[in-house]
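A.B. asks: Found this in Swiss-Prot, in case it helps:
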type	residues	note
REGION	134-153	region 'Disordered'
MOD_RES	153	N5-methylglutamine
């Protein structure tokens, strides 16, 4: 249970190390994360921190949410995200506290969650990397079909989870153990090594890695 940040995917670029190696990175804008509520065991049954990100016009905020934000003294945001954390860490925060990229450090591993780019209705070749049928030699109008999807009268049904055509993309995806290559504290940017789910401008959630990989030979 760790505090994270809400961000916006700016795009991809590359940076160079002192040795001249090129590293592909994704730029994440994590500016203006502010605490809107501290949840405790006594009041809510668990400990968590609610964070707002971005800005939203007052006319686009519902009255219950406007009252909630006014109580916290925080401007309305595009997203409200909740992070469950330890009670000791929650005690260090208060409503209106701005959380920035200094929450992380260069070289730290993080998990990034976002919504993947939607691909629409896709066939099994694009969706699951199925092989095509033969181009000729007896193949008539069955070049890109998935083939049989079931069996005979017994069991007489299609098993759940059968890979078939359908909607592709637009799923919540979490990429684990991405390394923070660089931090721009002035512009509140995180440069994360590798690719991050979603299109440019998409919202992402950055948290410390849950499953850290062991390094071979480390004592």
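One is the number of the first residue shown, and numbering goes on along the chain from there.
Just so it is clear, glycine is given a Cβ too, placed from its N, Cα and C backbone atoms.
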A.B. asks: Six or more residues beyond either end and a Cβ under 8 Å away: which residues meet both conditions relative to the region 'Disordered' (134-153)?
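C.D. replies: For the region 'Disordered' (134-153), the sequence-distant neighbours (Cβ-Cβ under 8 Å, at least 6 residues beyond its ends) are 123-125, 159, 162-165.
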A.B. asks: Provide the three-state secondary structure of residue 153 (N5-methylglutamine) computed with DSSP.
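C.D. replies: Assignment for residue 153 (N5-methylglutamine) reads coil.
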A.B. asks: Are there any residues in the same chain, six or more apart in sequence, whose C-beta is under 8 angstroms from the C-beta of the residue listed as 'N5-methylglutamine', and if so which?
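C.D. replies: Within the chain, the residue listed as 'N5-methylglutamine' has no Cβ neighbours under 8 Å at 6 or more residues' separation.
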